[in-house]
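Asks: One structure coming up, written as structure tokens, with questions to follow.
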Amino acid sequence: MVHLTGEEKAAVTALWGKVNVDEVGGEALGRLLVVYPWTQRFFDSFGDLSTPDAVMSNPKVKAHGKKVLGAFSDGLAHLDNLKGTFAQLSELHCDKLHVDPENFRLLGNVLVCVLAHHFGKEFTPQVQAAYQKVVAGVANALAHKYH
């Protein structure tokens, strides 16, 4: 559960309505893989991830980034039940993929940076603070099965 004020929830929802999930998802996942290269080990089947340009132009990275942000969108629609919303993904990432749950926090922070880059002045400190709460809540929900 994420505790947002009415104003924070409105700001998150308003900005998210303008997000191009295809573009932002691929960019966020790509930046995660470039900035934190050890995360690439979970994506061996994605082909060439040898350089930043290769990562950022990789169609599998873009497609998976879109999928990730689709799940994030579902979370935004269920802020009062993030653990339930992400239960299956938490189980998958914990039991089958063995993803370090710290990676969820890293991806959330990268997503906030990408949103700031795309929205500039519209991504005010207040909007950033609200998104930091949301990505922290999503990361906690995804890490739930690890506990």
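The first residue you see is number 1, and the count goes up from there.
Glycine too: its Cβ is placed from the backbone N, Cα and C atoms.
Since the structure is predicted, the reported quantities are computational estimates derived from the model, not experimental observations.
Pulled these from Swiss-Prot:
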type    : residues     : note
MOD_RES : Val2         : N-acetylvaline
DOMAIN  : 3-147        : domain 'Globin'
MOD_RES : Thr13        : phosphothreonine
MOD_RES : Ser45        : phosphoserine
MOD_RES : Lys60        : N6-acetyllysine
BINDING : His64, His93 : heme b binding site
MOD_RES : Lys83        : N6-acetyllysine
MOD_RES : Cys94        : S-nitrosocysteine
MOD_RES : Lys145       : N6-acetyllysine
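Give me the lay of the land around each of these features.
Replies: If you take the C-beta of Val2 (N-acetylvaline) and look for same-chain residues 6 or more apart in sequence within under 8 angstroms, you find Leu79, Leu82, Lys133, Val134, Ala136, Gly137.
The C-beta environment of Thr13 (phosphothreonine), restricted to residues of the same chain at least 6 apart in sequence and closer than 8 Å, consists of Leu76.
In this view, Ser45 (phosphoserine) is surrounded by 6 other Cβ atoms within 10 Å of its Cβ, with every protein chain counted.
In this structure, Lys60 (N6-acetyllysine) is part of a helix by DSSP.
Long-range Cβ contacts of His64 (heme b binding site) within its own chain (separation 6+, distance under 8 Å): Gly25, Leu29, Phe43, Phe46.
DSSP assigns Lys83 (N6-acetyllysine) to a helix in the three-state reduction.
Under DSSP, Cys94 (S-nitrosocysteine) is assigned to a helix (H, G or I) in the three-state scheme.
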Asks: Can you give me the average pLDDT across the domain 'Globin' (3-147), rounded to a whole number?
Replies: 90
Asks: Taking only the Cα atoms, work out how far Cys94 (S-nitrosocysteine) lies from Lys83 (N6-acetyllysine), in Å, as a whole number.
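Replies: Roughly 14 Å, rounded to the nearest whole number.
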